[in-house]
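As recorded in TrEMBL, the features of this protein are as follows:
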ACT_SITE  Asp299  active site, proton donor
BINDING   Asp36  [4Fe-4S] cluster binding site
BINDING   Gly434, Met435  substrate binding site
DOMAIN    12-431  domain 'Nitrogenase/oxidoreductase component 1'
Amino acid sequence: MKLAYWMYAGPAHIGTLRVASSFKNVHAIMHAPLGDDYFNVMRSMLERERDFTAATASIVDRHVLARGSQERVVDNILRKDQEEHPDLIILTPTCTSSILQEDLHNFVNRASIISHSDVIFADVDHYQVNEIQAADRTLEQVVRYYLDRCHRQEKWDQFLTDVPSVNIIGIFTLGFHNQHDCRELRRLLRDLDIEINQIIPEGGSVEDLQNLPKAWFNLIPYREVGLMTAVYLNKEYGMPYISTAPMGAVDMAEWIRQIQKNVNTLTLSSSNKRVDYEPYIDGQTRFVSQAAWFSRSIDCQNLTGKETVVFGDTTHAASITKILVREMGIRVSCAGTYCKHDAEWFKEQIQGFCDEILITDDHAEVGDMIAHMEPSAIFGTQMERHIGKRLDIPCGVISAPVHIQNFPLGYRPFLGYEGTNQIADLIYNSFALGMEDHLLDIFGGHDTKEIISKSLSTDIGLIWNPESRLELSKIPRFAREKVERNTEKFARQKGIETITVEVMYAAKEALNT
């Protein structure tokens, strides 16, 4: 557990609540003090969804602290069982209520004897894991609970579906463009004549989890949530899984080839024909995805030599880094992730694609790195967007955590062939290019509340003395214009008419504070 005023990943109970809220007819009860119960507001605001199962807070107050929590927690579980008739109730503490060290397992056992609904306790260490890890663990726990029960009751159907089918694991509420990505995956699988057995947890039913092993294999679009479930299903039921993120033209083709390999392997034991998806890959890459053509165009070639910084969760940061370098010829000065628990995989994936690798969950460290490198563009989370605004560096948002504008109403997937177009647009539009740079210099920028001078006339200039001109000429050309621009902006703000070497250093100090 970490005390901070801002974090990339939230506390563990938010991950558990996200998984519970994604399933149909699953109710989450959090044992929490007032102040920890903001999930429902966040969910309804960001997802803009009218119909979802709200979480219930079993409030810890002074009366509970005096008498103990058992009576209130059990009463809340039984009340929700009678009112909502859920298939499953998940009880989770928060980081704050965990301090009480109460035996919530015992509360759950007592309530489950009386309740008609299934009741489980979220088996998550709230001091050791964050929101992402807790979501991954909770999903695996729910799947394991129902499949183990199915085994005990001998209700398991051991036969696979007659035609190729998959489970998509890891699509859930408040995920970065998850709903759009799910729609794109549905389209792709339909084109490949592969049926979708189940999508969990988003829109799934816990009563149907017993049918998960009927699928031929599992797809894990994002490493952050779903990988533990896929590993469990592979170990217990021998189900293959594909954890490659179908993001970008190259990985998209690799993802389809892995699907082809799995389908053809399992076809040997069925009456289905072998498949060849190479013509589909070629057609989609050349005619549906415009990214491959765009990367060879003169517009994209103008980005050659531009430096960028990438930061986000492991899936998106690694994929965007490879797309920038491998598909668009853009240099990545530094790539990083806040998912410290998956650092080794991340380093392995981007080795050779960037100059430096940064593994941290401290946004101040990321900000210092960006200020030091002064890239042409940033691709990161909402925090990097704020950092970019302070440093006057454009930023494209490519990963959670995000603001409400990154839950678009329109169709904007990051996965699949349509996703390659969206990513190419995002990357290109995140740079200030050519004539735009020139116009920004002339007119003092746009969408800014700062008044650069008392007059917008361009014939009011500043005087650089010979010493400052000489100092400016020593700065490498790629950074010289930016230094000149920032120094003149500082001089105008301070009412200075002649720029000296001292003014240059003062401007630099002001920029770094």
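Numbers here mean position along the shown chain, with the first residue as 1.
Note that Cβ sites are derived from N, Cα and C of the backbone, with glycine treated the same way.
Between the CA atoms of Asp36 ([4Fe-4S] cluster binding site) and Asp299 (active site, proton donor) there is a gap of 48 Å. Of the listed recorded positions Asp36, Asp299, the Cβ environment within 10 Å is emptiest of other Cβ atoms at Asp299. The average pLDDT computed over the domain 'Nitrogenase/oxidoreductase component 1' (12-431) stands at 91.
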